[in-house]
Each structure stands twice: as structure tokens, then as C-alpha cells.
Amino acid sequence: MVMVVNPLTAGLDDEQREAVLAPRGPVCVLAGAGTGKTRTITHRIAHLVGAGHVATGQVLAVTFTQRAAAEMRSRLRALGAAVQAVSDFGVVRVLTFHAAAHRQLRYFWPRVIGDTGWQLLDSKFATVARAASSVRLHAGTDDVCDLAGEIEWAKASLIGPEEYVAAVAAIGRDTPLDAAQIASVYAAYEALKARGNGVPGVTLLDFDDLLLHTAAAIENDAAVAEEFRDRYRCFVVDEYQDVTPLQQRVLSAWLGDRDDLTVVGDANQTIYSFTGASPCFLLDFPRRFPDATVVRLERDYRSTPQVVSLANQVIAAAHGRVADSKFQLSGQREPGPAASFHEYSDEPAEAAAVAASIARLIEFGTSPSEIAVLYRVNAQSEAYEEALTEVGIAYQVRGGEGFFNRQEIKQALLALQRSAERSSQTEPNSPLSDVVRGVLEPLGLTAEKPVGSRARDRWEALTALAELADDEVAQHPRLDLPGLLAELRLRADARHPPVVQGVTLASLHAVKGLEWDAVFLVGLADGTLPISRALAHGAESEPVEEERRLLYVGITRARVYLALSWALSRTPGGRQSRKPSRFLNDIAPQMGQNPASSRSRRNRTATLRCRICKNDLTTPAAVMLQRCQICAADVDEELLLQLKAWRLSTAKEQNVPAYVVLTDNTLIAIAELLPADEAALIAVPGMSVRKIEQYGSDVLQLVRCRAVAVRTQT
């Protein structure tokens, strides 16, 4: 007897197959990280179409990002070709919520509204600024950004201007400005849009309005509802744990009294509550649809058992309602290395060590594009941009800008430049660090961290810049403001990484759905993860639990190699008062033991000392040179010039930034140590086996020719 294999279920595990073959009707797929959710839902769509349950044009699948939508469309096309389907699965409509609403509103608007036109606001900034001005609220750029964000949250949460004050009070929400002021701006903003911002016969809509008007059109016009529901019979929603009340309203309008809905999600990956996202719709799905098929996917095909085990331990300690849906993932890959934990004296030491570890991974064959450094807040990227630049490793900042490309840093450098030009008016005895902070204070470097998210991002970036200045002053005690600016601009100019094939630097919020062979989770100190504003709500509060889920998301991005680290102080020589993240208490070796064990960890990561003056090395550059940058060294300046000329020529030939060939500090070390052979060259900081294979013969030839020239001259 010949068994007939269904090509749409071949290769699926038992749980995936159950989800794919579930009958039409409500289906809830609870899919843990790395369990193949996209594979499962695309195969389910293909099964429903291929079995004749629904036509391709009657399926609407919605995602949260264009990238996810494109991936799903691509998989559906490939699946149709692979099984030689009569129907082209690739024509299934796969859109984001906003894109779907945009299409529907353009079609139904004339019937519902009439001749009044509408325009979509690409950005609400200018209109929010006008609204603030109209209610006599003086709002700077950061305030306007925070107001816009708060309006987005309110609309996503189905909270109007008149309910805003009571709503935020009821849930204890931290607001960037006085709640009554925000409500006034919100109301003025809606009024301005309704009047077309002064354009006759036009209504302005923001992206949330697309959803609001689409839902209202279907809810209030029976003909519109009938036409839409006749067109779309089957719905699939990805990442359902991230649905907002507004998006759920649209989905409910689409469905009407039908139940042909498949949702996929993981409440343990709910990390976007600041946008209005709520896992309650996923958690309540079986209650709303008592006959629903519920399938749990717990076989993790992404990560090694070691990574999976760590993720399970982190989420096992969760509290609250979301914790009731926690998974016990089972790693399906071959075993790999155990996750490592590292404690460092300060943040520069942590960054330098991470960069060195990344260099070793690359040396042993890991592609830079398969490595990521993940952190809680964007301002943390600066130390890693600096450290990777020092060792000549290209990087890209995902979901944000490089440190020196951020608008607030450009503004700060311009303000410092203007202050330097007026230096004659500056108190001659003022410490340079105080001068810098005095210049940065009006730009947002306040004594207390602001509440608003945009203002807080600015504050964190300016704080990082001020501490960079402190580092430079520590290395160069006689530095003045023009000299400091020159040093900072040198750092900025050195950072022009390629955008491909580089190490990824990203915040934890920017990496959902992504994965790498090697992941470094950095800055894991209490107050950073969980962040201090979450701790203010209580140790077992929902904001703290969301921070735990952020760590869980970070861990589950790693396929094979995972390192977790933290620093005891922010700056070299600072008071080592930080504690490791409380989320590590039950998972990191030696955590929670006696003080002696804690001291032994610190000793293993003690700060390196200068080989000349024996003082602590406080910057990645100093660590690279194995000496303070101000300590006198016997550098052959002529050789250094020749090395830089060779590097420039080589970089042009390879079409890469010069630092990717060899960094300035590596060239300085070569001109100082004068290595005579490969054995001596490998001892030079920054010279790996790979670098020697690529450039060793050229470098040694330059050193030898220079030695001959020196002997001839003498």
C-alpha cells in the first residue's frame, strides 16, 4: 500500500500539523520563540485554499511590519510553487493593519463621507505643534514629540481627549506633561485636522484615523459591511499579542458575527505596551470563542538547548496574568556552548571586552552580520560604537542612528563649538567638565531624568556625551574646549561603518523577529534592565514584568552563542555601586552568594593598567595601546605616516573605511613596537591571525624598509 504524503504537512511537527489542519473557525496558535510560527500560518493558509475551504482572494492576513508582510508573501509564493498548487497562494492579501485600512478607506470613503476629500498626515509633528501653540502651551521639540506619542497611545487605546485625564489617572500612567495640558492639546489637534489645517474642503487623517474611520464605516453602514464581508471570509493575524484596542476594534468590524479567524502570538513577548498593545486579546481568545482550537508550539528550532534552557529559567520567574501562558520551550538543535556571564568594573571595560570577544568570534569564522550587541536604551550604543571602531570591526545601528549622527549630539557639538569661539568670556578657572555640562544643560541635560520618552532619550544621549568629555579630560588633563571638540570630532569622523556585513547594534525593542548566531546582552544592571522608571511602580508590577519579557526576547534572539554582561559603575574610577539585574539572580552562576564570591568575580574583570605609569586604563583606545594616551612613547612618526598612507590606499582598493583595514591605534602600536616578524606582529593589539593573513606581509615590509632607512641615516 502506497501512503500519500500531503506536501503541505510534510516536514511539520505534530503541533504544527494540528494547527495547519485545524477546521475552519477560530484557531489560536500559541507559538513560542523559534517554534516556526510563520511556517505554520503560511501552511495553514495554503491548506485552507488548497482544500477548497476558501478562495485565495477571500483571505486577509495582517501583520505589524512591512518586513513581516513581505516575508509571509514570499513564503506563500514559494509554497505554491513547491506543491504545484492550482491556486497561486502568492495572491493572498497580506498587509499591515494600517495598509489594509488605507486600501479599504480609499474605496469606501466617497460612499460614507461624500465629496469631502482627505489627506494622510505623513507626520503629525507640525500639527501637534500648532495645537500646542493654540492652547498657549510653550512646547519645545522634545515636548512636541512626546505629545505626539501620547496622542498616538490614547487613540490606539480608544481614549478620546475628554476621557484622557481620567483614563491616565485610573491606570497610573506616567505622562510627559500635565495630563490636563495634554488633553487640551489632543482636543486642539483633532479640531485642526477636522478643519484640514486651514485647507478648505479637506479633512486630515493620521495613521490612527485610518483604523478609526475604517471600523466606523463598517460598523455604521450596513452596505459597506456587507460588501467587505462578502469579499473577505477568512482572517489571519500574526503577533496577536501586540494588538491594540483600536486594532482589535477594526478586526471585530471585519469579522462581524463570523469566527473564521486564526491568530498567532506569544504573550511572553509582549513588549510594546507603551504603544497601547495589550496581550489580553490573545489571553481572552478562548473565552471569546469557546469552540476555538488552541495549539501550543513549544519546540524551538532556532536556539541550542543551552540558550533555550536559559530563556525558560528567565520566564519561569514571571508574575502576573501573562505568566499564566508561559512556555516550557524544548530546544531541537544540537547542543552548543553554555551561556556566559561577565561582570566588569565599568562600562568602557565592558565594551572593550565585548569588542575583543567579537573579534575572536570573527577570527574563528563567525560572520560579523551574524553577531549582535543588544542593550536597553539607545544611548548605550556609544560605548560599543567606540570599542568596535577601535578594533576595526564594522557595525550598523539598527532601529536608530549612530551616536554622533543623532540630532541632539549634532546640536550639542554645535553649541560647544559656539562656546569655544566665545572662550574669552568663559571663566578661566572653570573645570572643563563643568563648562561642558553648563553648555549642555539648556539643551536638555537636566539634573533629573525627564519623564517624557523623547526628552529622556535626549537626556541619556547628552549624559553619554558629557561622560565622553570626562574621559577625554581624564586622558588629557591640559585639554581646553577647542581641543576637546577636536578629539570628539576625530571620534565622529572615525565612525563611518558599512551598512552591510557589519555587527548589529540594537535596542531590545528593535529586535523582535530577528536572530543571530551570536548575541551579546550588555548593560544588564538594575536600573537599566529593569529600567528605573519601571521599578518605581513596584518590584512585582506589570512594568517590571515587561522588562523581564524584554530580557526573554533578547535571549531568544541567539541561535548558538550568548553572553550576558554588566558593569559595576558607569565610568572608570566611579563608585562601584551597581548591582546585576535582578532577573539574573536565579540564572547566573555565583549570583546571590556571599561577598567573597562577589569579590572574586570583580577581581577576574579588574581594570587593566598602563604598562608605563601603572594607572588604570579607562578607554578602549588606551586598552588597545596598553598604555595611557598621554604617556610618552617612542613612536616612529615617519613609519606611522607611511603606514597611514598604505592603509588609505588599501582601503580604497577594498572599498571599505580605513579603520576596517587597521585602526589608528593599531598603526601607532606597530610604529612603537616595530615588529620584525609575524610572531612579533601577532602580539600587537588589533593584529589577529586574519589581519596578518591579509596585511601582515605589507606591514612587515614597511617596518623592514623603515629600519633599513634608519640604519642608512645613522
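Cβ coordinates come from backbone N, Cα and C, glycine included.
Among the candidates ARG296, ARG302, ARG321, ARG333, the one that Swiss-Prot lists alongside GLY34, THR35, GLY36, LYS37, THR38, ARG39 as binding ATP is ARG302.
Less than 8 angstroms from the CB of THR38 (ATP binding site) sit ALA68, GLU71, MET72, ARG75, ASP238, each of them six or more residues away in the same chain. Apart from the site residues GLY34, THR35, GLY36, LYS37, THR38, ARG39, ARG302, the chain places the Cβ of ALA31, THR40, LEU297, TYR301 no farther than 8 Å from the centroid of the site's Cβ atoms, the recorded ATP location. Per DSSP, the domain 'HRDC' (633-713) is made up of 61 helix, 0 strand, 20 coil.
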